[in-house]
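Novice: Quick one: this structure, given as structure tokens, is what I'll be asking you about.
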Amino acid sequence: MPSPWALGLPLLLPWVAGGLENAASPRGHGLSALQPGLCRYGTKLACCYGWRRGSKGVCEATCEPGCKFGECVGPNKCRCFPGYTGKTCSQDVNECGEKPRPCQHRCVNTHGSYKCFCLSGHMLMPDATCANSRTCAMTYCQYSCEDTEEGPRCLCPSSGLHLAPNGRVCIDIDECASGEAVCPYNRRCVNTFGSYYCKCHVGFELKYVSGRYDCVDINECAVNTHTCSLYANCLNTQGSFKCKCKQGYKGSGLQCSVIPEKSAKEVLRAPGTIKDRIKKLLAHKNSMKKKVKIKNTIVEPAGTPAPKGNLRPFDSEESVSRDGSPNGGEKGNEERKREGLEEEKRDETALKNHVEQERSLRGDVFYHF
């Protein structure tokens, strides 16, 4: 009969192996499983540091800020596609500058690759060498020549070029104007010789956001690249900004000037509801004063007024007014005119005092028109 130690040994060995692997792990508690990026944390299995669970439930490596022309194969480790290099695979490899040269005669670097061309009188072979060609010797192509069953044919090094009517010179194709270019909605097309590229619109900048490159609005107000006046507020908009003059200033926002204060006399003469409102305030104030005065007044017994003298016969040279004063007509008109002017001055003075009082209480401009 086998001993208990012999029966328990197969069950004990995996636990010991797991314990040894845990001790040898970089963090001291991870266990590398058959699946890449999967570690054991205690009794649980989870993605290792630098890995995250993807949409298919498999641990995937994470790279920041991403691999532009490549794939992420480990934590912050990119495997670039052929023709690209760099930490984020964003740099094009100039194969024409490498040694040994990939082409025998002429090499033209392209985005992510290269093309070989032969001089006039030679034909490009499959191994990138150039062989003598009687048919291409008389074509005088600008870039290269290809021998076909129909005869020699000149070639252009890029799909963004096409042969001119003479069949030898290559002419640029404006993909932006022809509509062949495909750019996102927030970018504009910029044509180049033989190709094109997509550039962010004015007011946007290219940034890496949420795992991809995108054009993001520039906040000109926050980075202080706006052209608003010092006396204006800056308001950021999508791709631009707006300027609005502050309170107490007027203008376009790019240029602001102080709004001049109007005097009390101009306010009194100004038509509209503000003048009427001020007069109502003054009238209310005067009525309140009269009420207080009447309330504090002691009523005295009324008596019969004494008759006024200075009466004259009807045939007198001097005329007598109804109130008994001589020449009462002309003199009364002058007095009423003088009293009207004095009342207008009193109203103007009261208005000035009222405006000054309101201005001192509020600490700002009382009226603007």
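Positions of Cβ are set from backbone N, Cα and C atoms, glycine also.
In case it helps, TrEMBL gives these features for our protein:
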SIGNAL    1-19  signal peptide
DOMAIN    92-131  domain 'EGF-like'
DOMAIN    172-210  domain 'EGF-like'
DOMAIN    217-257  domain 'EGF-like'
REGION    295-358  region 'Disordered'
COMPBIAS  331-358  compositional bias 'Basic and acidic residues'
Novice: As a quick check of your reading of DSSP, tell me how many residues in the domain 'EGF-like' (92-131) are helical, how many are strand and how many are coil.
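Specialist: Tallying H, G and I as helix, E and B as strand, the rest coil: 3 helix, 16 strand, 21 coil.
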Novice: Using DSSP, break the domain 'EGF-like' (217-257) down into helix, strand and coil residues and give each count.
Specialist: 4 helix, 18 strand, 19 coil
Novice: Write out how many residues of the domain 'EGF-like' (172-210) are helix, how many strand and how many coil, based on DSSP.
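Specialist: Breakdown, helix to coil: 4 helix, 20 strand, 15 coil.
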